[in-house]
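Structure, as structure tokens:
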Ligand code: ADE
């Protein structure tokens with residue numbers, strides 16, 4: 001997986017991604033990222049990439065030409081025309097499913113705006129996906145791009161040490177992760193659930209699945225609509241619903 005981040009603040013992106021697991025994966029060569037400075041593509045003698053909005057209003061708008069030239073030059077260099085993900089609060093809200101879909105691509109371009117946004121014509125010409133990281137407004141697209149790159153990279157084979165862990169964590173089968181415990185067995189009187197000490201793999205698996213279902217039911221019931229449950233698990237969920245109804249009427 002190769003990421004290209006089009007930005008006016010390249011250091012912000014490279015510094016942020018060069019740490020931790022993502023930095024190590026890049027050093028290993030499993031993924032690569034390059035921050036491309038949109039400012040390098042301006043023809044304006046003072047290096048400006050923005051101008052006042054037509055029609056008036058506050059703030060400045062990033063011009064179409066440096067943005068499009070930056071993308072075209074990138075395409076020439078790499079010999080393909082990858083998807084361009086524009087970071088915007090107006091986009092589809094990013095989630096694990098979108099991450100899984102994007103992880104299949106070989107190259108991804110992230111377009112980060114600043115100021116009051118980017119001239120609409122550049123967006124019309126090059127953007128394939130509008131994506132948001134949530135219903136709040138940030139000062140630029142760099143943090144959203146880093147959030148998405150982190151999330152997508154975990155799904156790229158070879159990035160995490162253990163191939164299974166990306167699968168088992170939160171949102172696998174659309175369920176939240178079960179609780180985890182490590183030594184000691186007793187901490188301030190709080191004990192590790194007995195089943196986890198039993199060494200009985202089937203029981204442990206079933207206990208964890210039930211914990212995941214219970215947690216999702218209590219904390220994020222909206223996820224359950226698309227959860228993947230077997231027959232016994234569906235019965236368990238029905239039982240949780242009944243218990244809740246009874247609790248509410250008592
Ligand atoms: N740019 C500004 N706010 C954003 C958000 N919430 N998601 C993606 N890009 C943004």
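Cβ atoms are placed via backbone N, Cα and C, with glycine included.
Remember, TrEMBL labels are computer predictions, not curated facts.
Among the features that TrEMBL reports, domain 'tRNA methyltransferase TRMD/TRM10-type' is placed at 1-225.
Among the features that TrEMBL reports, S-adenosyl-L-methionine binding site is placed at 113, 133, 134, 135, 136, 137, 138. Cβ neighbours of residue 138 (S-adenosyl-L-methionine binding site) (same chain, under 8 Å, six or more residues apart in sequence): 89, 144.
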Whole number in angstrom, please: the longest C-alpha to C-alpha distance across 113, 133, 134, 135, 136, 137, 138 for S-adenosyl-L-methionine.
17
Check the domain 'tRNA methyltransferase TRMD/TRM10-type' (1-225) for me and report the mean pLDDT.
95
Please name the residue among the binding-site residues 133, 137 whose C-beta has the most neighbouring C-beta atoms within 10 angstroms.
133
